[in-house]
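A.B. asks: Just lifted these from TrEMBL, have a look:
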| type | residues | note |
| --- | --- | --- |
| SIGNAL | 1-21 | signal peptide |
| DOMAIN | 76-201 | domain 'Corticotropin-releasing factor binding protein N-terminal' |
| DISULFID | Cys84-Cys105 | disulfide bond |
| DISULFID | Cys128-Cys165 | disulfide bond |
| DISULFID | Cys207-Cys229 | disulfide bond |
| DOMAIN | 209-331 | domain 'Corticotropin-releasing factor binding protein C-terminal' |
| DISULFID | Cys261-Cys288 | disulfide bond |
| DISULFID | Cys301-Cys342 | disulfide bond |
Amino acid sequence: MSPSFKLQCHLILIFLVALRGESRYLEGGCPAPGPLSHPLNFSQLTHFPCQLREKGDPDPFLLFSANLKRELAGEQLYHRALRCLDMLSLQGQFTFTADQPQLHCAAFFISEPEEFITIYYDLVSIDCQGGDFLKVFDGWILKGEKFPSSQDHPLPTTERYIDFCESGLSRRSIRSSQNVAMIFFRVHEPGNGFTLTIRRDPNLFPCNVISQTPNGKFTLVVPHQHRNCSFSIIYPVVIKISDLTLGHLNGLQLKKPSAGCGGKGDFVELLGGTGLDPSKMMPLADLCYPFQGPAQMKIGCDNTVVRMVSSGKNINRVTFEYRQLEPYELENPNGNSIQEFCLSGL
């Protein structure tokens, strides 16, 4: 089984466990017992990958199979049923039909870093007056935390929610601002539901990204824009920065309580934590000046973020590689690493 498939399964299990044990991602939802102590802690999910699947559910690996991705390259549109709790990385048409009252449901969508996600309403049959709802959120929410954070998203939080019961079919399509989006919904009456089509569109300058894989290479470019951009990797990783262009001098400095890049208009920071929201994560290092690497750091956190803050005066660019830390590296840390903030929960 490839590491990529394992990651996708881990992500699915994280969301299934977190949503079944914690419904605070729904505003006004009713909490259920048994939430995860750390929403992104993979070690809690290692020993029960199959017990979370409902009887009759297809293998979650099928969601990410190469055969289905190749099928989408042709003219035929991929179709399948949408489950109450689901995660999708494919284009296609997805139908949810309630077989019983479904009160706390969510589906998470993720695409490649250089893509937007567009959600089209094909058919909606829900009872808004009876308490049903269907909402799209521009980003992800998990256990009360958002990605992108409110500091990094171009829209205020209230405008990131699009409620079908308020807008109806007057807004038949909704495009995300990054490579992740989600819906959450409630359907009381058996037989009611909806059909959505999910498309992925090119994004020339991706800003906020959640990586689909634990290993990869990426260049984050912010061209003369006053905005903050975060690249999130939901795994403990080694980060190797090979190039940073900001327009200053050389340097890499660890963040101290009284020091950092706060006085600079453009900088990159490395963050680590156990949640989803970069604004609630621990700042681990600041990169205030351009350099040609490599500069490498081990970050043993459940979630690692490379975040660029841009004043809009420069074309800022950072290129980095990342790979998942092996278990022996977490047990025997060495080298240039940040240990004390992240390893206690692993």
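Every residue gets a Cβ built from N, Cα and C, even glycine.
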A.B. asks: Counting by DSSP secondary structure, give me helix, strand and coil numbers for the domain 'Corticotropin-releasing factor binding protein N-terminal' (76-201).
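C.D. replies: Counts, helix then strand then coil: 11 helix, 67 strand, 48 coil.
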A.B. asks: Based on Cβ atoms within 10 Å, give me the single least packed residue among the disulfide-bonded residues Cys84, Cys207.
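C.D. replies: Among the disulfide-bonded residues Cys84, Cys207, the sparsest Cβ neighbourhood within 10 Å belongs to Cys84.
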A.B. asks: Within a 10 Å radius around the Cβ, which one of these disulfide-bonded residues has the most neighbouring Cβ atoms: Cys105, Cys128, Cys165, Cys229, Cys301?
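C.D. replies: For the disulfide-bonded residues Cys105, Cys128, Cys165, Cys229, Cys301, the Cβ with the most other Cβ atoms within 10 Å is Cys301.
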A.B. asks: For the C-alpha pair, I'd like the distance in angstrom between Cys128 (disulfide bond) and Cys105 (disulfide bond), rounded off.
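C.D. replies: It is 16 Å, counting Cα to Cα.
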A.B. asks: Nearest to Cys84 (disulfide bond) by Cα distance: which of the disulfide-bonded residues Cys165, Cys207, Cys229, Cys261, Cys301 is it?
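C.D. replies: Of the disulfide-bonded residues Cys165, Cys207, Cys229, Cys261, Cys301, Cys165 has its Cα closest to that of Cys84 (disulfide bond).
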A.B. asks: Find the shortest Cα-Cα separation between Cys261 (disulfide bond) and the disulfide-bonded residues Cys105, Cys165, Cys207, Cys229, Cys301, and name the residue that gives it.
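C.D. replies: Nearest candidate: Cys229.
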A.B. asks: Could you check which of the disulfide-bonded residues (Cys105, Cys207, Cys229, Cys288) sits closest to Cys165 (disulfide bond), going Cα to Cα?
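C.D. replies: It is Cys105, whose Cα lies nearest.
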A.B. asks: Rank aside, I only need the closest one: which of the disulfide-bonded residues Cys105, Cys288, Cys301 has its C-alpha nearest to that of Cys207 (disulfide bond)?
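C.D. replies: Smallest Cα separation from Cys207 (disulfide bond) among Cys105, Cys288, Cys301: Cys288.
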A.B. asks: From the disulfide-bonded residues Cys105, Cys229, Cys288, pick the residue whose C-alpha lies nearest to the C-alpha of Cys301 (disulfide bond).
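C.D. replies: Sorting the disulfide-bonded residues by distance from Cys301 (disulfide bond), the top entry is Cys229.
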A.B. asks: For the domain 'Corticotropin-releasing factor binding protein N-terminal' (76-201), report the average pLDDT of the model, please.
C.D. replies: 95
A.B. asks: Whole-number Å only: compute the distance from the Cα of Cys105 (disulfide bond) to the Cα of Cys229 (disulfide bond).
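C.D. replies: With distance taken Cα to Cα, Cys229 (disulfide bond) is 29 Å from Cys105 (disulfide bond).
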A.B. asks: Just the number: how many Å between the Cα atoms of Cys288 (disulfide bond) and Cys229 (disulfide bond)?
C.D. replies: 15
